[in-house]
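Here's what Swiss-Prot has on this protein:
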ACT_SITE  Cys73  active site, proton donor/acceptor
ACT_SITE  Cys181  active site, proton donor/acceptor
BINDING   Asp10, Ser11, Tyr42, Gly43, Asn74, Thr75, Thr182, His183  substrate binding site
Amino acid sequence: MDSRPIGVFDSGVGGLTVLKRLIQVLPEEDYIYFGDTKRVPYGDRSKEEIELFAGQIINFMKEKNVKAVVIACNTTCATIDKGKYDIELFDVLKAGAESGVYCTKNKKVGVIATKRTVESRSYEINIKSINPQIEVYQKACPEFVPLIEKGLYNSHLAYKAAKDCLEEFKGKEIDTLILGCTHYPLMEPIIKAIMGDGVKVVDPAVRLSHEVKEYLERSRILNFGKKGKIEFFVSGDAENFKRAAEMVLGKKIDEVFIVDIERY
């Protein structure tokens, strides 16, 4: 047994969709969640900025004595060198690519993500490393994250943005669409309605949460015997984050702590 918490971080509220899946699979674990609400979105940031931000956040997580860190941000996964950190890191992008490979029947996979993730070609590279025959079609949807951060993921504006973005996949005959940004599952009902029944919409957090569980079991560092607790930290706006977190997780949150992340 190991009662140390699991760290989860994202540029904002998107990683809460990953946290929700983790809680479902590992309800007895404690969690430290960090949302970089001061510097969201990451999609248009430079490689150097994202590497700096990730280093600061991972240092913060180490100070919190976490036993593993879940990078719940595809843009970060697509940008940083994960090998340089001396802590167990879980990669939502890798889990998403693997899910897409195992879901597709016709070997035609779509990916929607931030501009930086698409430009990195990380999904395409990861998918083709498993099965080179799969055709990968990618589309950046930069309008999604600002809408979701404002809580407008069920709005008419969100529907219009999704319809415009997903138009790209018409005629491509994809049977699988990967939500390549952890914010996007909050728009999943809209995305599914637009894509129709013939396309399987993949949330990478489903596979990722089971990978974390398997690692904890294998390493014999599971926590058990009590209901887990969650501590929330942000770098900027705490009130909007608190509202969003309560909506996504379906539970009341007592406090969100603001941390000066740049000192790490």
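Please read every residue number as a count from 1 along the shown chain.
Glycine residues also receive a Cβ, built from the backbone N, Cα and C atoms like all the rest.
Model, not experiment: these values are computed from the prediction.
Counting every protein chain shown, the number of other Cβ atoms lying within 10 Å of the Cβ of Thr75 (substrate binding site) is 32. Around the Cβ of Ser11 (substrate binding site), the same chain contributes Gly35, Asp36, Arg39, Val40, Pro41, Tyr42, Cys73, Thr75, Thr76, Val145, each under 8 angstroms and 6 or more positions distant in sequence. Around the Cβ of Asn74 (substrate binding site), 34 further Cβ atoms fall within 10 Å across all displayed protein chains. Residue pair Gly43 (substrate binding site) / Cys181 (active site, proton donor/acceptor) shows a Cα separation of 10 Å. Same-chain residues with CB within 8 A of the center of the Asp10, Ser11, Tyr42, Gly43, Asn74, Thr75, Thr182, His183 CB atoms, the substrate site residues themselves not counted, are Gly12, Gly14, Gly15, Val40, Pro41, Cys73, Thr76, Thr114, Thr117, Val145, Cys181. Rounded to the nearest whole angstrom, the C-alpha distance between Asn74 (substrate binding site) and Cys181 (active site, proton donor/acceptor) is 5. Cβ-based neighbour count (10 Å, all protein chains) for Cys73 (active site, proton donor/acceptor) stands at 34. In three-state terms derived from DSSP, Asp10 (substrate binding site) belongs to an extended strand segment.
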